[in-house]
Amino acid sequence: MIRSARLISNIKFGQKNIRQFSTNTNWWANVQKGPEDPILGVSIAYNKDTSPSKINLGVGAYRDENGKPYVLDCVKKADKKIYEANVDHEYAPIVGVAAFNQLAAQLALGEECKHIKEKRIATVQSISGTGALRIAADFFARFLKGKTAYVPNPTWGNHNVIFNDAGIPVKSYGYYNPATCGLNFEAMTKDIAAAPEGSIILLHACAHNPTGVDPTAEQWKKISEICKERGHFVLFDFAYQGFASGSPEKDAAAVRMFVEDGHNIALCQSFAKNFGLYGERIGAFSILTETSDQALNVESQLKILIRPMYSNPPVYGARLVQAILKDKELTNEWRSEVKGMADRIINMREQLVKYLKKHGSTRDWSHITTQIGMFCFTGLTPEQVDRLANEYHIYLTRNGRISIAGINSTNVEYLAKAMAAVTKDN
């Protein structure tokens, strides 16, 4: 009887503990639903719309004349070469595919870059541009402690989030002038000069996102001088090489100028837009150093940082870019194709302005053609953007940014007519 009583008591005690434990399994009751990404939200609204006239001007990916995703012919040929080579699927090193890293640095900095020739550069493969920026932010948090990152106002939305998540304070410098839809160079240089010595200055190498507004060569020179005088550390976000002007060399001019001026920059590259490899998530992060020993030290620390982050990068995108850039014929084909994409975007800018005038708009839309790259800051107000969505089924972000890649010969006049209507008397 005593043993039975103890057994019953133990069972009841166990059941009580189980009940107590089960009440503690609801770990996530305090997690609230987060806000939707404002850019991705545009596509969600577009997909819900059933109108045959709908246009998505929020997507950050190139589309062909028929509004379809575009796979470059040089990528198809590189893909075929890789398949026929019957390559394995082993892990890449932590730093990624070495040949890709070398070619990526050469594409951005030029084959004659002294840092490359003298091995005064540490380059690692990254998970596209976002991954490169995250590596940069985490590295700066460890080795540029106490520094603040300065980003243009406005800038790509992920910049602030990435630096904040890495524990780096973020401030902005003047960049865009809403009155002219152009560069506020005076505010930009004033703010960069006023930043504490040794600050981190993030610059868009070309095709500024979201405005499409870039400094001139003379303005870049002045920015370089100010950064040097103030001892600032310069980080370039280089997501659109070749995609802005159609010339990889022209688009790299600012980056190469800063290096020639003596800046040991950091560089974040993406191969999503210019190679059409969005889903392959292929990028690179580089730091230029004073000596080759410093480059080795930096690389060793980057490996330590990357190992618990994602350990090893995916190899396929790197193999594609490598296959193209190491083959002269494929490289020339890529140059031709990236120019073709850039030229189509430039042409759509011109067509949009032409049709805006045709439909009676008296506003000055010249900024549409002076801005460059995939995106255009139209100057439309949030209320006008809402009207475009509600009345015309045209979707874009509420700051007035449109993706020119979403425009083609079949929808450009409809877009212009709608823009003329919502901006009438404004």
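Keep in mind that glycine also has a Cβ here, set from the backbone N, Cα and C atoms.
Residues annotated as transit peptide in Swiss-Prot, with sequence analysis given as evidence: 1-29.
For GLY60, TRP156, ASN209, ARG401, the entry in Swiss-Prot reads substrate binding site. In the three-state DSSP scheme, TRP156 (substrate binding site) falls into the coil class. Sequence-distant contacts of TRP156 (substrate binding site), defined as residues of its own chain at least six apart whose C-beta falls under 8 angstroms from its C-beta, comprise HIS204, ASN209, PRO210, ASP237.
Residues or ranges marked as N6-(pyridoxal phosphate)lysine by Swiss-Prot on the basis of similarity to another entry: LYS273. The Cβ of LYS273 (N6-(pyridoxal phosphate)lysine) has 24 neighbouring Cβ atoms from other residues within 10 Å, across all protein chains displayed. In the three-state DSSP assignment, the secondary structure recorded for LYS273 (N6-(pyridoxal phosphate)lysine) is helix.
In this structure, the CA atom of GLY60 (substrate binding site) is 9 Å away from the CA atom of LYS273 (N6-(pyridoxal phosphate)lysine). When Cβ atoms from all protein chains are considered, those within 10 Å of ARG401 (substrate binding site) total 23, not counting its own.
When the Cα positions of GLY60, TRP156, ASN209, ARG401 are compared pair by pair, the longest gap among these substrate-binding residues is 11 Å. Secondary structure at ARG401 (substrate binding site), as computed by DSSP, is strand. A straight line from the CA of ARG401 (substrate binding site) to the CA of LYS273 (N6-(pyridoxal phosphate)lysine) spans 17 Å.
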